[in-house]
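Novice: Supplied in structure tokens, the structure appears directly below.
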Amino acid sequence: MCLSVLQIPTIIGTAHIIWEEISGLDENYTPIRTYQVCQVMEPNQNNWLRTNWIEKGDAQRIFVELKFTLRDCNSLPGVVGSCKETFNLYYQETDLEVGRNIRESQYVKIDTIAADESFTQGDLGERKMKLNTEVRIIGPLSRRGFYLAFQDVGACIALVSVKVYYKKCWSIIENLATFPDTVTGSEFSSLVEVEGTCVSDAEEEADNSPKMHCSAEGEWLVPIGKCICKAGFHQKGDACEPCGRGFYKSSSQDLQCSRCPAHSYNDREGSWRCDCEDGYYRALSDPPSVACTRPPSAPQNMLYNINHTTVSLEWTPPADTGGRNDVTYRIICRRCTWEPEECFPCGSNVGYSPQQSGLTDTYVTITDLLAHANYTFEVEAVNGVSDLSRTQRLFAAVSIATSQAVSIFPVFFLSAPSQVSEVIKERVQQHSVQLSWQEPEQPNGVITEYEIKYYEKDQKDRIYSTVKSKSTSATVNNLKPSTAYIFQIRAFTAAGYGTFGPRVEVTTKEESTGSGDEQNPVIIIAVVAVAGTIILVFMVFVKFPGTKTYIDPETYEDPNRAVHQFAKELDASCIKIERVIGAGEFGEVCSGRLKLPGKRDVSVAIKTLKVGYTEKQRRDFLCEASIMGQFDHPNVVHLEGVVTRGKPVMIVIEYMENGSLDAFLRKHDGQFTVIQLVGMLRGIAAGMRYLSDMGYVHRDLAARNILVNSNLVCKVSDFGLSRVIDDDPEAVYTTTGGKIPVRWTAMEAIQYRKFTSASDVWSYGIVMWEVMSYGERPYWDMSNQDVIKAIEEGYRLPAPMDCPPGLHQLMLDCWQKDRADRPKFDQIVGILDKMIRNPNTLKTPMGTCTRPISPLLDQNTPDFTSFRMVSEWLEAIKMERYIDNFTAAGYSSLESVARMTIEDVMSLGISLVGHQKKIMSSIQTMRAQMLHLHGTGVQV
Ligand code: AMP
């Protein structure tokens, strides 16, 4: 309880100056001043004493403590009945000091005060007084101040002291909240509710603000709610102190500061969390109490397995999980182009099982990859902090690229063929249906077979049967009459089956009774005979519908008409030229993009006609477009259109990322499987079959005139008339006039300019040789004259290294002297398909298919015995990139090289099989040459 003394009243006078100010002694004989009155002898006393004006301040309830003595009337000698033993206490509220201007009647009586202890003896002046203490309460007060008044009505009183006070609750700190000095309420029973204020660095507990109640007695009662130290601070006594360095308190709810968790620190006081050390992070969901963690190290022990266009990857978890247990894996798939060597994300067509990211298991299967493309896969281990760290991610990417990424470059994949969608019902009978279809738009390889699946439409359990066909038509027999069947077709290549095309419904004919055509053999023969005749006539005199004939643009009087008949005029604004990629005879060849309205933009090659051209040059330039525009085949370069109405004049062609085949093969010497090489040859043959079917003779078929796209699809290009050959740096003038690419050209074409599809077949044989020898120059550095001579004498190019004998035989067939003996392109396609279907026929036992030793060949095979240095020999066989490998392994002489085995070659770190074979083959030749020279063999 607290008392607040308002003001010690001085008794400044009375209305009736009967009260006297007298000195005396209190109980303890301490001198005191008192006001006294003792008019007991006379009746009707009315003696007033009043205080000065007392300002009440905040108080509403005032306590008045009176100390006084009072004389017992009985003890007074001679006193009559007028003697009193009480006096009255009054008060009067005013806002101002009003002096004496209050009438007695205006005072409000507080109480009549009687003495608890009156005294009886002694003389008033010298006796020891017995002091009474009485307290009275006034209130509630409403004015600024008040007067107190004492009325004597005939007693003998000595007023020793008057203490006027009020009560308040003193400021305290309770539950970390400060409660200010609070004056008690006006009523005895009132509790004053007081809101606490949190001490510094503390905050109110949620929904629990601090309150206390100040009682009328000036006591704090009923504390409610509390404050708590803010994050970063903890409670010490009635205050909040900051957490020390190396400590933190993350929330006001926590009681204590804690030491920083592992891999975190702070060097400030009052921290609510600790910062992570460099290279360590906290995931958003990580509370500040957990250790800082880092991205995991890379997955380990990567294994992969390739199955056609599906790749399976397996790995073991990273050595370091970064201190977390939420490690998952994500796969980054990139497809890389050859030229320029750039890698792009694989996009959404690739499938991942079970998924691409968020993998919890350590394996994944990647499906639907493209055929003939190279991919790089990276498996990244990821945890909750991987995405927070840029530097760490870069680091992870680098480390993955070196040790964990499975770069299967240069492994090429085959992807399955696309759907067979255009199915035609050729003939529907009671028991059979004949169907034909188009080759799928993207065969992605050589289609060796089609599978026709069929079932009865209304059959409940959907049991289906299949029929296979090697061509694009098939007859399905043994069907029920009047029955609806569903047919679906899919293509098969070395990459496996494609997906089935759309369902085709066919209802067989009704069962005929009696003389149905299927019942009567006589009629059948007649019908077949007639049909056969019709078909024969049809074949002889009518071009098979669907096979267009090539029209020579030269036959047009106005060459512009030819261009616009066969080529689409493009708006130049749809074309964006990006960079120059080559030089053509008429101007630059650029790459760029074509965006036709409503279509996706596509990469294109743009051939431009240089400024200052003559009319003839323009005609010749556009002639290629007039020819190309007539073709539509997956193995023939596709013309997008021309720009003839603006400048520069342009021919826009589909973009072939890997450029011309000869340069491409030379760049990737030894890097393909035989099947892949045969796949390329098959594509070229299919393109040529199409061109020859249209009656177009190419005249300049050579690997340099084949373009390769990013999927390793080869397409025939470079169309023109005589100018194409003029343009060819390989073309030379012959005695028959005109320029001819001698090494690629059939004898009859060189001799008397007999260019036919059969002479294209000869050239095709040379292309086969170029492909199988990875872009070697036909007849090496023999002169054109020598080539012509050798050919006339019956010499033919030997099989390139590791060339399957069957393929070399096909080349030799293409180089038959009599052109009628050469295979047709259709047959070539068939033979290659057969080889692809039976890859065993393409196996070459090591060393069985090296170049035959012929006198001619001997002239062109370097004499290895003439070399003195290993480096000279390696340069001669174009394997100089391995000079360091040989030197490091200590092979300093050709003699030591001649003793090497295939294992020795492999142990040098030469991993490409093609290169191993090339080197071994050369070593074998070297041995043979040494044997010939010295008459002694080399011991191996
Ligand atoms: P050409 O005038 O047809 O001999 O073309 C010159 C060079 O341009 C070729 O050797 C190719 O490297 C390049 N080129 C031509 N056409 C294309 C194309 N469609 N895609 C990519 N490169 C091409």
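Cβ from N, Cα, C; glycine included.
Pasting the feature list from TrEMBL:
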- Asp700: active site, proton acceptor (ACT_SITE)
- Ile581, Gly582, Ala583, Gly584, Glu585, Phe586, Gly587, Glu588, Val589, Lys607: ATP binding site (BINDING)
- Cys38-Cys156: disulfide bond (DISULFID)
- Cys73-Cys83: disulfide bond (DISULFID)
- 1-174: domain 'Eph LBD' (DOMAIN)
- 295-405: domain 'Fibronectin type-III' (DOMAIN)
- 416-511: domain 'Fibronectin type-III' (DOMAIN)
- 575-836: domain 'Protein kinase' (DOMAIN)
- 865-929: domain 'SAM' (DOMAIN)
- 522-542: transmembrane segment (TRANSMEM)
Novice: Taking the domain 'Protein kinase' (575-836) as reference, which of 1-174, 416-511, 865-929 has the most Cβ pairs under 8 angstroms?
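Specialist: So the stretch in question is 416-511.
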Novice: Among the recorded positions Ile581, Ala583, Gly587, Val589, Asp700, report those whose Cα falls within 10 Å of that of Cys38 (disulfide bond); none is a fine answer.
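Specialist: Cα within 10 Å of Cys38 (disulfide bond): none.
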Novice: Which of the three DSSP-derived classes (helix, strand, coil) applies to the residue listed as 'active site, proton acceptor'?
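Specialist: Going by the DSSP assignment, the residue listed as 'active site, proton acceptor' belongs to neither helix nor strand, so it counts as coil.
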Novice: With an 8 Å cut-off on Cβ distance to the Ile581, Gly582, Ala583, Gly584, Glu585, Phe586, Gly587, Glu588, Val589, Lys607 Cβ center, who else from the chain surrounds the ATP site?
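Specialist: Nearby residues not in the site list: Cys590, Thr608.
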Novice: With H, G and I counted as helix, E and B as strand and the rest as coil, say where DSSP puts Ala583 (ATP binding site).
Specialist: strand
Novice: Rank aside, I only need the closest one: which of the recorded positions Cys73, Cys83, Cys156, Asp700 has its C-alpha nearest to that of Ile581 (ATP binding site)?
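Specialist: When the Cα distances are compared, Asp700 comes out closest.
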Novice: Find, among the recorded positions listed as Cys73, Cys83, Ile581, Ala583, the one whose Cβ has the highest number of other Cβ atoms within 10 Å in the structure shown.
Specialist: Cys83
Novice: What number of additional C-beta atoms lies within 10 angstroms of the C-beta atom of Cys156 (disulfide bond)?
Specialist: 24
Novice: Filter the candidate list Cys38, Cys73, Cys83, Cys156, Gly587, Val589 of recorded positions, keeping only entries whose CB is under 6 Å from an atom of ligand 1.
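Specialist: Cβ < 6 Å from ligand 1, in sequence order: Val589.
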Novice: What three-state class does DSSP give Cys83 (disulfide bond)?
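Specialist: For Cys83 (disulfide bond) - judged by DSSP and reduced to three states - the answer is coil.
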Novice: To the nearest Å, how far is the Cα of Gly587 (ATP binding site) from the Cα of Asp700 (active site, proton acceptor)?
Specialist: 20
Novice: Of these recorded positions, Glu585, Asp700, which scores lowest on Cβ atoms within 10 Å?
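Specialist: Least crowded of the recorded positions Glu585, Asp700, by Cβ count within 10 Å, is Glu585.
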Novice: For Val589 (ATP binding site), what residues in its own chain, 6 or more apart in sequence, show a Cβ-Cβ distance under 8 Å?
Specialist: Val580, Ile581, Gly582, Ala583, Ala605, Ile606, Lys607, Thr608
Novice: May I ask you to report the DSSP-based helix, strand or coil state of Cys73 (disulfide bond)?
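Specialist: In three-state terms, Cys73 (disulfide bond) counts as helix.
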Novice: Which residue counts does DSSP give the domain 'SAM' (865-929) for helix, strand and coil?
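Specialist: So the domain 'SAM' (865-929) is made up of 46 helix, 0 strand, 19 coil.
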Novice: Between all pairs in Ile581, Gly582, Ala583, Gly584, Glu585, Phe586, Gly587, Glu588, Val589, Lys607 (listed as ATP binders), what's the biggest Cα distance, rounded to the nearest Å?
Specialist: 14
